[in-house]
Amino acid sequence: MVEESDIEAETSGHHCSSGDTIPLLKPPDGTAAVPSKELPPMTGFQKKALVCLSYAYCMGYARSAIMAPFFPSQAAERGASETIVGFIFGYYSLIAFLTAPIVGKLTRFCGNDMCPAINLFPPPPPQITRTGPRFMFLCGSLVGMCVWVLTGVSGYTAGGPFIGLCFAVFTVEGFCYSAFEIALMATVARVFPKRVSTVMGTMEIFIGVGTMLASPAGGALFEWGGYLLPFVVAGLLLGSCAFVVCIIPSNAGKENVKSGSLTRLATIPDILVVSGVIFAVYLIYAFLDPTLEPHLTGKFGISQTEVGVVFMVGNGAHALASPFWGWLADRYVRWTKVQMTVGVMVSALAFTFLGPAPFYGTTGMIWEIYVAQVVFGIAKSAAIVPTYAELLRAARAAGMPDDLGTYGVISGLYDLMMNLG
């Protein structure tokens, strides 16, 4: 059994009785808090949670990166134009964008009676409020697994049926992705209240590892087993994350915690600024999925596996740099907005070298693509890693409660802006 101080030791620095209200991420002066330089060591439960979250983020993002090296060209062979391929990628994000606020609310309203506790680890403290992130996470992982297998089945069709089936399966997968991501983000905020940026930066390592390995693996799986095999593997990777539900907060508490207000978040200036950063970074990043592969194969004549390596380089740079940017953001909170601004500007500059842009007056070489991917990955991590913690701090400074209702709606906003981009 985990002691009540297991998580709250990091939150308040002292043991709280079961009837106390736990002030998560409490600022010292009503403004953005500056974390102490000396944080208490992580508890046993937090270490287990970190391992589980790392696995979930790695596998969850690997499954989406598997299709990048081959899907655009294969969709074109089945009658989809480049515009339609772009719409397919965009439609997936559109559904996730539309469902993110709903899922953020559902992390409050779905009770644990819909998803019994799985006691692979000792349960978290009883102060955790009555929410349903467990249920939403299982929906995202298990239903998403089935959807990815169906995406592979779409390869047996062509023309209109292929395009229609792609849109149909991505409708469900968009919702599953939101449920998966938001449940994990709310868990990070609850279990690691003073290490949000550091933990998110650590998660970026495993996101990067997952996408870095999945891109070349996707190309290799396609060359070895055809269109279906990569999607089956992607589904199995996602389904294997289901055990992580054991560390996600349940409805053990009896408090009547209200769900967060998305409309209230929209009135907070800092929330709008940080949301703009999230939107801008993912707008740049998402442009690569449907366009970089045709550009590389058409201009340089490289194989699908080599295309995966190009994606891997950018993702690897992002993953390696993220822990540093997360540590920096937690250590020097007042400079995080400068960090995000510089990251966005350098990301945009690096992006212009991928073509390269006509005003450079060069035709471009493959080594320039690799350098641009490395710089883009590092700058992107500088911009995006601190954003979730900044959203939490801004909401708290505006008087919103530090509970899972707020975490759910903030996670929904983050996911909304990410998929809007």
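Yeah, the Cβs are placed from backbone N, Cα and C, and that goes for glycine too.
Worth saying up front: this structure is predicted, and the values here are computed from it rather than measured.
Features as listed in TrEMBL:
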type	residues	note
DOMAIN	270-421	domain 'Major facilitator superfamily (MFS) profile'
REGION	1-22	region 'Disordered'
TRANSMEM	49-71	transmembrane segment
TRANSMEM	83-104	transmembrane segment
TRANSMEM	135-156	transmembrane segment
TRANSMEM	162-184	transmembrane segment
TRANSMEM	227-248	transmembrane segment
TRANSMEM	268-288	transmembrane segment
TRANSMEM	308-328	transmembrane segment
TRANSMEM	340-361	transmembrane segment
TRANSMEM	367-389	transmembrane segment
The transmembrane segment (268-288) and the transmembrane segment (340-361) contact flag, 3+ Cβ pairs under 8 angstroms = yes
Beyond the flanks of the transmembrane segment (367-389) by at least 6 residues, Cβ under 8 Å = 185, 188-189, 196-197, 200-201, 204, 208, 274, 277-278, 280-282, 284-285, 296, 310-311, 313-319, 321-322, 325-326, 329-330, 336, 339-347, 349-351, 353-354, 356, 410-411, 414
Key: Segment confidence, the domain 'Major facilitator superfamily (MFS) profile' (270-421), expressed as mean pLDDT   = 84
Key: Criterion met for the transmembrane segment (135-156) and the transmembrane segment (227-248) (at least three Cβ pairs under 8 Å)   = yes
Query = Residues sitting near the transmembrane segment (308-328): Cβ under 8 Å, six or more positions beyond its termini, same chain?
reply = 65, 68-69, 197-209, 211-213, 215-220, 288, 292, 296, 302, 335, 339, 343, 369-370, 373-378, 380-382, 385-386
Note = Sequence-distant contacts of the transmembrane segment (162-184), meaning Cβ under 8 Å and at least 6 residues beyond its ends, amount to 53, 56-57, 60, 64, 75, 78-80, 84, 88, 91-100, 102-104, 106-107, 133-134, 136-137, 139-141, 143-144, 147-148, 150-151, 153-155, 238, 241, 244, 248, 408, 411-412, 415, 419
